[in-house]
Each structure stands twice: as structure tokens, then as C-alpha cells.
Amino acid sequence: MIKNNFISFMILFNLVFKNIFLSLKTYIYCFVLSSFLFILFLFFNYNINYNLILPPLLMNLFCISIFCTSFYIGLVIIEWKKRMYLLKLKLGEINVYNFGVVLIILNSILFILSFLLNLLIFSILINYDILIIDSSILGNLNSFVFSIFFLNLILLIIFLTVIVLLISSIFTKSAFNIIFLIVFILMTVLFSDTLLDPNLFNQNMFYIIIGYLNPAKYFIWTGMLFTSYTFYDFYGITQIIEKYFQGSFSPFTNIYSTIIPSIAFIVLSIFLYIKFFKWGVKK
């Protein structure tokens, strides 16, 4: 039984893997778009921060890839539903569990490749003095912090993958699902403090309220609280909110206030995905 399930899983994985990696759109959305946004916001933050980008924000910029790859996964699933491709796959040994796991793994692979590409771009910009950034600041992040940071990213990948699968089933028409997916990704990335220095909007009440309603913000801030060492030394919060001790507002200061909601969002999203995911939609 276990052997048969594993064989079915690998057949599904290979099939989906080939469909995704043989598509030109994969490289446009996951690599070209991701790198473009990374460079754009790297330069933007570099200029507004007087050439100083600290580890929490810098690591966030590398995370742009997660939103690009998850958005693309969502588009692929909606397109497959439109072509009734998922209904054909379902004729085999496929269920919501192994299908979800396959896409989480593939999204992780896409993110890792995109992350490495952005890291290469960053290295080129630094080595050729296009950007004057003391890259040694990343050396302050020890192996434990990096491990926790990437574990948190895995949790974010799981959440976003499951959510885009769920979004593909909200409406009966694929066009509405695409619109909803675009709005969701834009709102998620814009109000999560991924792209811009949190100091820019930490006094804007509208931004703060919407941010608290944004699940991705809890994951992003978990990463920042670790990469700033706030979890160990509270004065590390100044790497995120520069004037925190002069009265500037910080949406989170305690690691538990971000980790617990993050886990809750993952559990809830998986439950909703299992219950409401549909294998086909109307065109």
C-alpha cells in the first residue's frame, strides 16, 4: 500500500515537474520578474536609507521570490482547471493531499533557484561596486539564525501554496479567480513589510491595520525578529524600527506574537484547502 502510494506520488511529481519546468512562463514569472523586483526595490531602499541596508530588510528583499513563485503556481493551477487538466489527473491515484505536497515541493524548488539567482545578482552588484553595501553585515547572522530564517520561509511557502490553491476554487469562473489572485498577492506583498523599510509606514494607521490583517506579515516579521537578533537582544529591534526607543511604533516586538498566528494561519489554510478545493472551474 505504502509502495503503491509512493509510486503514484512520484508519477504525479514527475508529471507536474515537467509541465512546469518546460514552460517558458515559469522562467519569466519566477526568475525574470523576481529578479527585476529584487533589483528595483534593492536600489530603492538603498537610496532612501543612505546606502545602508541592514540584515532584516536585506533578507526580506531576497524573499520577494516567494511571492512571485506562489503567484505563478496559482496561475498554473487556474489554467489547468480551465483546460480540465486537473480532472484528467484526478482519474488516477491523486487526492488533495499528495497534490498539495507536490506543489509545495515544486514551489520550494522554484523559490530556492530564484533566491540563488537574486543572491548571485546581489554579489555581482557588490563586487563591481555598483552598490556600496557592507555585505559583511550578513556575517553577523550565525548558522542558527539562518536555519530558523529558512525554516520560517518554508512555513511561508506552505501557507502561500495552500492559499493560492484555495483561491483557485473560490469562484466558478477562472477569470474571477485570476483577478482575486492578483489582488491577494499585491495586498499580501505590499502590506507585509517585504519590499520597503518598515520605518516608512510605521506611523500610518491605515497601513498598520491592514498589516495586522495580512497573514504574510506575521511570517515576514518572524524572520526579521530573528535576523535582527531581537529574540535574543531586545535592542536588535532598532535594526527594524530605527527609532523604536524614541517612540516609533513597531507592530511586533515579541517572537511569540508572530509565530503563534503564523502556525494558526497554516493550520486554517490547510483545513480550508482540504474541505473546499475543487478540481475544475468554468471557463
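Cβ atoms are placed via backbone N, Cα and C, with glycine included.
TrEMBL: automatically predicted annotations, no manual curation.
Listed in TrEMBL for this protein:
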TRANSMEM  27-46  transmembrane segment
TRANSMEM  58-78  transmembrane segment
TRANSMEM  99-124  transmembrane segment
TRANSMEM  144-167  transmembrane segment
TRANSMEM  174-196  transmembrane segment
TRANSMEM  216-235  transmembrane segment
TRANSMEM  255-274  transmembrane segment
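Tertiary proximity for the transmembrane segment (144-167) is limited to same-chain residues at least six positions away from its ends with a CB under 8 Å from its CB atoms, namely 59, 63, 66-67, 70-71, 73-74, 77, 100, 103-104, 107-108, 111, 177, 180-181, 184, 188, 215-216, 219-220, 222-223, 226-227, 229, 262-263, 265-266, 269-270, 272-273, 276-277. The stretch with the most CB contacts under 8 Å to the transmembrane segment (99-124), chosen from 27-46, 174-196, 216-235, is 27-46. Listed by sequence, the residues of this chain that lie at least six past the ends of the transmembrane segment (27-46) yet keep a Cβ under 8 A from its Cβ atoms are 53, 57, 61-62, 64-65, 68-69, 71-72, 75, 110, 113-114, 117-118, 121-122, 125, 131, 133, 195-197.
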